[in-house]
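Here's the structure we're looking at; comments come further down.
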Amino acid sequence: MVEPVQEYRLVLVTGPSGAGRTTAINALEDMGYEVIDNLPLSFVPRLIEGPSIGRPIALGLDVRNRDFNATALIELIDRLTQDPRVALEVLYVDCSASELIRRYNQTRRRHPLAPAETPAEGVEREIDLLAPVRVRADHLIDTSEMSPHDLKAELSRWFDRGAATRLAVSVQSFSYKRGVPRGVDMIFDCRFLKNPYWVESLRTLDGREASVADYISSDPRFGPFFEKLRDLVLFLLPAQLEEGKAHLSLGFGCTGGQHRSVAVAELLGNALAEAGWPVSKRHRELERRAAAVLPTHQGEKA
């Protein structure tokens with residue numbers, strides 16, 4: 001039996017207001033997607049009734065859409081998933097509630113779900129409304145610590161098929177004190193390794209420095225750990241690719257997000273790149289510190 005050819009590549013882009021959905025839609029348009037924003041949900045099935053337009057389609061959907069509600073969107077996702085002609089992906093552009101409130105207060109815009117109330121009430125209402133949709137997402141990008149440029153770069157790694165034909169891997173370091181980053185597929189705790197913080201000459205350096213990496217690598221537990229980690233990830237990547245996944249996100253945490261997690265993320269990223277996988281590296285806490293010394297207008301969020 002010959003399986004039907006998938007005629008449509010369709011990306012549904014949603015998420016809370018202020019998280020960066022419009023930036024995402026514009027970025028996808030720059031990549032060659034046919035973009036339609038705020039299309040009523042009831043019109044979406046009609047979009048794929050005709051012949052394929054020959055390029056992928058991105059649809060922006062949020063609470064401002066006519067006839068939008070979480071139940072209807074989930075029903076639409078189920079319907080499209082079952083359509084053999086459609087290759088569907090759901091992109092959820094997320095953001096922490098505190099950052100969304102900060103953005104609304106900064107721009108003095110009214111929240112669409114609370115036009116006569118505080119932004120905080122609207123943000124809370126919308127996050128609750130979208131919770132069932134969030135768990136159905138194929139891709140989740142948390143823009144809480146991202147600039148528009150960061151978001152566009154991340155989307156390019158995930159959705160620009162011309163940029164890469166293999167599964168893209170992102171590795172990031174973080175501090176457990178500031179919480180585990182959202183949207184990460186696998187997390188590894190590096191706090192069992194020797195901590196360079198207690199070595200005065202290394203304290204102010206970070207895990208990108210060779211002296212810090214050498215110190216951490218001298219821990220007797222590091223060698224076996226890193227070898228098993230590398231082998232595990234290299235084993236998983238082809239399997240993830242076969243399942244149709246376009247992106248895998250790996251998180252590495254330690255106490256301060258400065259030494260151990262940074263070094264391990266750097267070393268693994270380099271190992272994966274040497275094996276031929278597209279890799280991006282991000283160090284959340286180091287970026288926070290760098291952003292803190294930049295002028296305000298350069299610290300604009302997504």
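Glycine residues also receive a Cβ, built from the backbone N, Cα and C atoms like all the rest.
According to Swiss-Prot, the ATP binding site annotation covers GLY15, PRO16, SER17, GLY18, ALA19, GLY20, ARG21, THR22, on the basis of sequence analysis. Annotation comment: Swiss-Prot describes ASP62, VAL63, ARG64, ASN65 as GTP binding site, evidence class sequence analysis.
The Cβ of THR22 (ATP binding site) lies under 8 Å from the Cβ of ASP37, GLY60, each of which sits 6+ residues away along the same chain.
For the pair ARG64 (GTP binding site) and SER17 (ATP binding site), the Cα-Cα distance reads 9 Å. Note: ASN65 (GTP binding site) has non-local neighbours ASN38, LEU39, PRO40, LEU41, i.e. same-chain residues 6+ apart with C-beta under 8 A of its own C-beta. The GTP site is set by ASP62, VAL63, ARG64, ASN65; from the centre of their CB atoms, other residues of the chain with a CB within 8 Å are SER17, ASN38, LEU61, PHE68, PRO112. Excluding GLY15, PRO16, SER17, GLY18, ALA19, GLY20, ARG21, THR22, which define the ATP site, the same chain contributes ASP62, VAL93, CYS95, LEU100, THR143 within 8 Å (Cβ to the Cβ centroid), listed in sequence order. VAL63 (GTP binding site) and PRO16 (ATP binding site) have their C-alpha atoms 8 Å apart, to the nearest angstrom. On a Cα basis, ASP62 (GTP binding site) lies 11 Å away from GLY18 (ATP binding site).
Taking a C-beta cut-off of under 8 angstroms and a sequence separation of 6 or more, SER17 (ATP binding site) has the following same-chain neighbours: ASP62, VAL63, ARG64, LEU100, HIS111, PRO112, LEU113, GLY122, GLU126. The number of other CB atoms found within 10 A of the CB of ARG64 (GTP binding site), across every protein chain shown, is 12. VAL63 (GTP binding site) falls outside any helix or strand according to DSSP and counts as coil. Counting Cβ atoms from all protein chains shown, ALA19 (ATP binding site) has 29 others lying within 10 Å of its own Cβ.
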